[in-house]
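Copying in the features that TrEMBL gives for the protein in this structure:
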type	residues	note
BINDING	Leu31, Arg32, Gly73, Lys76, Thr77, Thr78, Glu139, Asp140, Phe141, Arg182, Tyr192, Arg229	ATP binding site
BINDING	Thr77	Mg(2+) binding site
BINDING	Arg321, Arg326	DNA binding site
DOMAIN	62-195	domain 'AAA+ ATPase'
REGION	193-263	region 'Small ATPAse domain (RuvB-S)'
REGION	266-365	region 'Head domain (RuvB-H)'
REGION	343-365	region 'Disordered'
Amino acid sequence: MAEGALDPQDLGGRLVGGGADDVERAAEAALRPKRLDEFVGQKVVRDQLSLVLQASLARDAAPDHVLLSGPPGLGKTTLAMIIAAELGTSLRVTSGPAIQHAGDLAAVLSSLEEGEVLFIDEIHRLARPAEELLYVAMEDFRVDVIVGKGAGASAIPLALPPFTVVGATTRSGLLPAPLRDRFGFTGHLDFYSAPELERVILRSAGLLGVEVQHDAAHEIAGRSRGTPRIANRLLRRVRDWAQVRGDGTLDLRAARAALEVYEVDPIGLDRLDRAVLSALCRRFGGGPVGLSTLAMTVGEEPDTVETVAEPYLVREGLVARTPRGRVATTTAWQHLGLEPPAGTWAAGLPDEGTGSRSRTLFDEV
Ligand SMILES: Nc1ncnc2c1ncn2[C@@H]1O[C@H](COP(=O)(O)OP(=O)(O)OP(=O)(O)O)[C@@H](O)[C@H]1O
């Protein structure tokens, strides 16, 4: 993410948020896998990418442009670095929000050397004129440098050496079709399984020079919301606890105690998530309730509830979004240790209330 760019996932410095600030990124640098075979999970993307890279090396030509999409913290930046390393070339890094004008992008492009990889994070946030310049650069390896102003302005074409753009986006749906079409390969990163996260944790512990017991790694993995960044972050907090309050051993007791201190519950919910669930069930009888009412009840902005808490609650089947508002599912009630009222939505119903359930308690609200 660009310096100073606001990622809703960062709001409130959440321990279980997918985003990261600059301090965390510095801590992450040491834990990044450097080569494709060190990259845990994402087998499909890894296999496909490996083919693209091997073919390019065999032909001694820059590979097609690569688009990586997926939620924050799943490894897009890491993969961009790996692509450059596997190609034996250098990586230039920029981001959509960092490029304010087409001229900024023209300057970056015209300084590229043959075969270099240009990583554009948050590519969906590029300004329109920069985006148009990028189309031409990606397709024809050319930038048109505009000289002069107004009616007297003219475009001088400047040829670029072959290079590869690796674009990363958390919102691939926001990418205009002409830009999307210029990527020869698109990899979508999915959330990681708990066993994959355990491997990430064991690997990171090794790099941090600490020993983590398997059951502790399992416990941390289960609370990491499918995201390696969160797994690494929770591991660091457990290490702190073990060093300060424990005997230095990263065992199950340390993992549970540390994550209790940081209010990350057994399925990875934090205080905000639980406040949303609690309001839904205890204050509104399970819903449906509108987003702004719900947000006001938990003392947050609607945008924060929608972008920070809700995606995971919906993904885990705790909350469903219906045309009439948010509803708590039976899983949500059970998670809070409450008895779900008759007619409560079962978990796993389709989002947006398209499910064909018969009448429930909420139809009468
Ligand atoms: N597959 C993986 N194996 C091991 N570690 C991983 C993997 N994916 C990500 N990580 C670790 O998770 C952290 C976050 O990864 P990364 O910065 O690549 O995420 P990102 O998708 O680019 O996030 P953002 O969208 O916020 O830029 C890094 O420290 C990285 O080491």
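Quick reminder: no glycine exception, Cβ is built from N, Cα and C everywhere.
Predicted automatically and left uncurated, TrEMBL annotations should be read as such.
Predicted, not measured: the structure shown is a model, and the values here were computed from it.
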Quick one: which of the binding-site residues (Glu139, Phe141, Arg321, Arg326) have their CB closer than 6 Å to ligand 1?
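Cβ under 6 Å from ligand 1: none.
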What's the CA to CA span in angstrom from Phe141 (ATP binding site) over to Arg321 (DNA binding site)?
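Each residue's Cα considered, Phe141 (ATP binding site) and Arg321 (DNA binding site) end up 45 Å apart.
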Output the one of Phe141, Tyr192 that, of all these binding-site residues, has the highest number of other Cβ atoms within 10 Å of its Cβ.
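The residue with the most neighbouring Cβ atoms within 10 Å is Tyr192.
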Please report the three-state DSSP label of Gly73 (ATP binding site).
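The residue in question, Gly73 (ATP binding site), is coil (DSSP, three-state).
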What's the CA-CA gap between Arg326 (DNA binding site) and Thr77 (ATP binding site) in angstrom, rounded?
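Arg326 (DNA binding site) and Thr77 (ATP binding site) have their Cα atoms 34 Å apart.
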State the three-class DSSP label for Tyr192 (ATP binding site), counting H, G and I as helix, E and B as strand, and everything else as coil.
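In the DSSP reduction, Tyr192 (ATP binding site) maps to coil.
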Within 10 Å of each Cβ, count the other Cβ atoms and name the one among the binding-site residues Arg321, Arg326 with the highest count.
Arg326
Round to the nearest Å and give the CA-to-CA distance linking Leu31 (ATP binding site) with Arg321 (DNA binding site).
37
Just to verify: the residue among Leu31, Gly73, Thr77, Glu139 with the fewest other Cβ atoms within 10 Å, which of the binding-site residues is it?
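Counting other Cβ atoms within 10 Å of each of the binding-site residues Leu31, Gly73, Thr77, Glu139 gives the minimum at Glu139.
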Under a three-state reduction of DSSP output, how is Arg321 (DNA binding site) classified: helix, strand, or coil?
strand
